[in-house]
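Record features, source TrEMBL:
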{"type": "DOMAIN", "residues": "76-118", "note": "domain 'Trimeric autotransporter adhesin YadA-like stalk'"}
{"type": "DOMAIN", "residues": "221-246", "note": "domain 'Trimeric autotransporter adhesin YadA-like stalk'"}
{"type": "DOMAIN", "residues": "325-359", "note": "domain 'Trimeric autotransporter adhesin YadA-like stalk'"}
{"type": "DOMAIN", "residues": "376-435", "note": "domain 'Trimeric autotransporter adhesin YadA-like C-terminal membrane anchor'"}
Amino acid sequence: SSVVGQGLTFAANEGSDITRKPGDTLVLKGDASTKGDYSGKNIKTVTDISSGMISIQIAESPMFGSVVINNNNSGKITGVNDGAISAESKDAVNGGQIHRVTTSISNIIGGNTHSGADGSLVTSNIGNTGKNTIHDAIDSVRSTAETASSGWNLSVNGQQSSAVKPKETVDLNNKDGNISISKKDNQVSFNLSDSVKVKESIGIENGPSLTRNGIDGAGMKITNVADGVIAAGSKDVVNGGQIHDFVSGEIARPITFSADSGTPYDARMGTVVNVKGDNKNIHTTVSGNTLSVSLNESINVKSVTATESLSVANGASVDMGGNAIHNVGNATRPGDAVNYGQFQQAFGNLGNQINRVERRANAGAAAAIATAGLTQAYIPGKSMMSMSGGTFQGESSLAIGMSTISDNGSWVLKGSFSSTTRNQTGASVGVGFQF
């Protein structure tokens with residue numbers, strides 16, 4: 001679509017190049033009137049293959065009717081007698097006659113009109129109208145008079161005509177930005193924007209069209225497309241030659257099948273490749289264009305090794321058949337299985353804790369025995385300090401006691417402190433009233 005949208009550029013010996021896009025009109029015209037007979041036998045077109053230029057050439061000796069014009073080293077017709085100048089005359093006239101006629105006409109026109117050295121009638125700015133021909137000068141006067149009195153009419157596509165009075169301003173603009181309007185002196189130029197924006201679509205009558213949803217090629221080909229880039233991320237258009245080369249290469253290139261064992265097999269297009277299971281744990285099925293490889297729900301293997309992880313669905317169970325599970329790693333989080341080493345370590349730690357509690361309990365019993373062995377005062381008004389030792393199941397304790405009796409023998413006050421071989425300490429205090 002970008003190639004079609006560029007249009008064609010026309011260049012000539014003089015003037016600027018002209019570009020016409022699809023749908024634009026290119027006008028080629030000559031200066032001859034529309035009356036009379038015309039022939040192209042003295043004109044031909046010649047194509048230069050090296051430059052791509054088409055030249056329009058005229059014959060070096062053109063023929064007009066039965067008259068052939070060529071260069072015989074004279075370049076002009078001389079010695080022509082005065083021909084008759086009348087309504088019915090078919091005589092040739094000479095330069096002198098033409099000069100006299102042009103001089104006579106120049107005298108009639110007046111102004112700066114005169115006969116040139118080549119016999120032409122030369123005049124300019126006739127009647128100060130700025131025109132160089134009588135017709136244009138008269139037409140200028142007429143047009144000026146009409147404009148001054150009635151203005152001019154403005155219409156769009158031959159419709160909605162409106163009168164523009166003298167001194168009124170006509171503003172030409174384009175809202176969508178697709179047409180650029182410029183003015184220089186009294187010349188207004190309309191140019192199509194290099195980037196045309198349309199709301200819905202753009203197309204060629206009975207040809208391709210471009211819409212916001214895509215391109216409709218109208219059953220036509222896009223030709224002369226350069227090779228597009230075939231690479232990851234490329235959005236280039238590819239041509240038929242590229243597709244042919246690609247498909248030819250893909251057909252010639254085999255698909256190689258390899259497995260854990262055996263020799264790799266190169267399968268070319270059209271080759272049948274059989275994919276089989278062992279009919280025990282692995283089963284293959286072909287349905288339409290789908291090849292399925294499935295694992296038996298109850299596999300039967302000699303051993304299973306998991307290199308990453310192995311999971312058992314919720315509610316499922318694993319029957320080891322009375323066999324041990326070997327090489328179990330240490331558990332690191334809740335829910336992990338523990339191995340025999342971790343179990344032995346935990347059991348040993350628990351035994352140590354129990355032994356520690358037992359020894360501390362035995363030490364407590366020794367402290368109780370030592371405290372029970374403390375003696376106390378028994379005479380009113382007297383006090384006693386005593387010390388006692390105790391032992392139980394290999395643990396020992398030392399107790400120190402202090403007791404006193406009131407003078408009347410009614411009150412007894414007693415206190416004790418003990419320490420064990422397990423660095424445990426204890427103390428007690430008591431008071432009694434006897435009656």
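Heads up, the Cβ atoms here are built off N, Cα and C, so glycines get one too.
Whatever TrEMBL says is automated annotation, not expert-curated.
Remark: secondary structure over the domain 'Trimeric autotransporter adhesin YadA-like stalk' (76-118) totals 15 helix, 2 strand, 26 coil, with classes taken from DSSP. Across the domain 'Trimeric autotransporter adhesin YadA-like stalk' (221-246), DSSP classifies residues as 7 helix, 0 strand, 19 coil. Note on the domain 'Trimeric autotransporter adhesin YadA-like stalk' (325-359): DSSP counts are 20 helix, 0 strand, 15 coil.
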